[in-house]
Structures are given as structure tokens and as C-alpha cells.
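First comes the structure, then the notes that go with it.
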Amino acid sequence: MDTTAKLWDIQNGEEVFTLTGHSAEIISLSFNTLGNRIITGSFDHTVAVWEADTGRKVYTLIGHCAEISSALFNWDCSLILTGSMDKTCMLWDATNGKCVATLTGHDDEILDSCFDYTGKLIATASADGTARVFSAATRKCITKLEGHEGEISKISFNPQGNHLLTGSADKTARIWDAQTGQCLQILEGHTDEIFSCAFNYKGNIIITGSKDNTCRIWR
């Protein structure tokens, strides 16, 4: 199993450098919004932050006791959010790599997590079939999203931050009110698990991807 990440030059398709250091497969990776840091989350239970222009490892986030499922920066690059199979999410100070909070409450593995575009809200999706919304400032749970009949593999905010989209093993995607947790709409049509879903940049179109080998676009 390859335990590396690679940075590529999109102009010529050539490899710039390889990020080495993890001891298990890398399941999550992304840039921060400034483009000067890369984050990688691994099944080795750790998350690493790298300099994008040199490939140097800045620090390693150690604290989870199971595989990492998601890892990302907030919009202003001040915080890092990590989700894990240990049923928790952790918030880290992006300047020094120190843990500032642990978000708990789920009864099973965290499969996905995200910030809204302002960085004020955090959403978590779990194999327990529920999602939760937390305040990034207080670290308190604001609302719980209940209704799916299977694990939730993907969660995302719309650009406006008032709605959430979830995709589930129950073959449906759902749109929720991010403040109240009310289910606003159920998107039905896939014949197998939904693994991915997202709003477009305006928030008026949704795409879902499923194990049934299809993607669907919803308006």
C-alpha cells in the first residue's frame, strides 16, 4: 500500500515532490485557502501538515486513537478539523498544531466533517446514521440531524451556510436546515449507497454520486 501523497505541476503534468512520513494509506488531503499548506489524514491515526512550496512537514497532529476519515482547514486557515473512526472530531490551532477541542456525541465512526464557509459552524457525519452541527466558537452541539436509515458518508454546507446536504447508505440524500436540524427535502432515485454529494457554488444545484455507478444532478 502506497503511504505517500504527491504534488503535481498542472502545466506539464510532472511530479513536483512526494510527501512521505505516514505509515498507512492516506484517506484525506487538501490545500488551505492560501495555497501554502497541505494537510493529509491517514489510517495511521495521524494528520500531517506540509509546506506546499517545499514539501517539508511542518508538524504532525497526534491525538486520535483510530483511523482518520477527514482533515481540512477552515476558510481563514486558523483552525484544522479532523474526523476519526474513534467517533470524535478534533479542532487544532493551525499555527502550532495544538489540539484546542474534542467534539463528541456520536455513537459510531465519524465518516465526514466540514466547516461552513465562514468557519463559524462545523458539521459531522457518522456511521450512527446521524449528523451534528457544532459552534466553532463554543464547541457546543447546536443541533442533531436525524432521519437517515443508514450511515452518513458525506456532509457539506451550501455556500450561504444555512443548509446542509447529506448522503447516506440508505440510498438517499437529504437537505437540512443547519440551525434547526429540520429535514427540508429527501432526494430519492439512486438504487445503492450514496458516497458523495455537493452543492454548486451558487447553492441552487446539487450533485450526488452513488455505488449504483451513476451521478444525479438535482435542481
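Even glycines carry a Cβ here, placed using N, Cα and C.
Because TrEMBL annotations are produced automatically, they should be read as predictions rather than curated entries.
Small disclaimer: the values here were computed from a predicted structure and weren't measured.
These features come from TrEMBL:
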type   : residues : note
REPEAT : 1-18     : repeat 'WD'
REPEAT : 19-60    : repeat 'WD'
REPEAT : 61-102   : repeat 'WD'
REPEAT : 103-144  : repeat 'WD'
REPEAT : 145-186  : repeat 'WD'
REPEAT : 187-219  : repeat 'WD'
* Asked: What does DSSP give as the helix, strand and coil breakdown of the repeat 'WD' (19-60)?
  -> 0 helix, 23 strand, 19 coil
* To do: State the residues, same chain only, that lie 6 or more residues beyond the ends of the repeat 'WD' (187-219) and have a CB under 8 A from a CB inside it; answer 'none' if no residue qualifies.
  => 150, 153-154, 156-160, 163, 165-175
* **Residues from the same chain, set at least six apart from the ends of the repeat 'WD' (1-18), whose C-beta lies under 8 A from its own** => 24-26, 29, 38, 40, 42, 44, 52, 54-55
* Helix, strand and coil residues within the repeat 'WD' (103-144) as assigned by DSSP -> 0 helix, 22 strand, 20 coil
